[in-house]
Amino acid sequence: MGSPGMVLGLLVQIWALQEASSLSVQQGPNLLQVRQGSQATLVCQVDQATAWERLRVKWTKDGAILCQPYITNGSLSLGVCGPQGRLSWQAPSHLTLQLDPVSLNHSGAYVCWAAVEIPELEEAEGNITRLFVDPDDPTQNRNRIASFPGFLFVLLGVGSMGVAAIVWGAWFWGRRSCQQRDSGNSPGNAFYSNVLYRPRGAPKKSEDCSGEGKDQRGQSIYSTSFPQPAPRQPHLASRPCPSPRPCPSPRPGHPVSMVRVSPRPSPTQQPRPKGFPKVGEE
């Protein structure tokens, strides 16, 4: 048998070989927060001291397997991993999971796992990457808040223009109404004019009061009104004047000529023609 020192040295060499051929997995980032509809990238780094021919990898979310492809001679056997997930391998040791676009269902804890099957079976698991998906975009919210004063300014401008238009319309309507009243178009501002018509020629002296009444009845009255005609008074026929008083004169204010009429002669006394002397006179 060998000495105890030789046995101890052999054990140390075997342990060193085992450590040199061990498999390690590092995962990042530990925490990732993105907005809904954007892109999320998770990285898994697989390290092994010795060369390997076949590597099996696996991604899980909250303990559920998303995908489990193989890597042989630097190529992936599967490029899809879960909903909206794509895998890519970059030699010698980088495995990337890309989620595009992310939704609220992508929030959770992601773990990368790797195993070497040839030449010997070895397994390793990475740390946890926690993914949080925000339903709203803080940047868009800030943009909405920043644009809100501008929107208020636009509303204020439109409201001012509307008020100005209403005031101008009221002023124009009032001015037009005043002009119509000043021009006499208002029903309360009517002008009336009475014209008394008298036929040419003076009446004969032999005509009695009844004849004058006929002349008065023959007189015409013209009335002009703007815009409404003046109400016409009922025409009153002149009554014959008793002898020997003359007929009453028309109302003052009307240019009517007055004719003096002598009393009506008796039946025995006939009117004498003008220009002949009386009996006994020469």
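Even glycines carry a Cβ here, placed using N, Cα and C.
When the residues S206, S220, S238 are compared with Swiss-Prot, the one annotated as phosphoserine is S220. In Swiss-Prot, C112 is paired through a disulphide bond with C44, chosen from C44, C67, C178, C209.
In the three-state DSSP classification, N73 (N-linked glycosylation site) falls within coil. Between the alpha carbons (Cα) of N73 (N-linked glycosylation site) and N105 (N-linked glycosylation site) lies a span of roughly 34 Å. Per-residue confidence over the domain 'Ig-like' (23-129) averages 87 (mean pLDDT, predicted model). On a Cα basis, N105 (N-linked glycosylation site) lies 21 Å away from N127 (N-linked glycosylation site).
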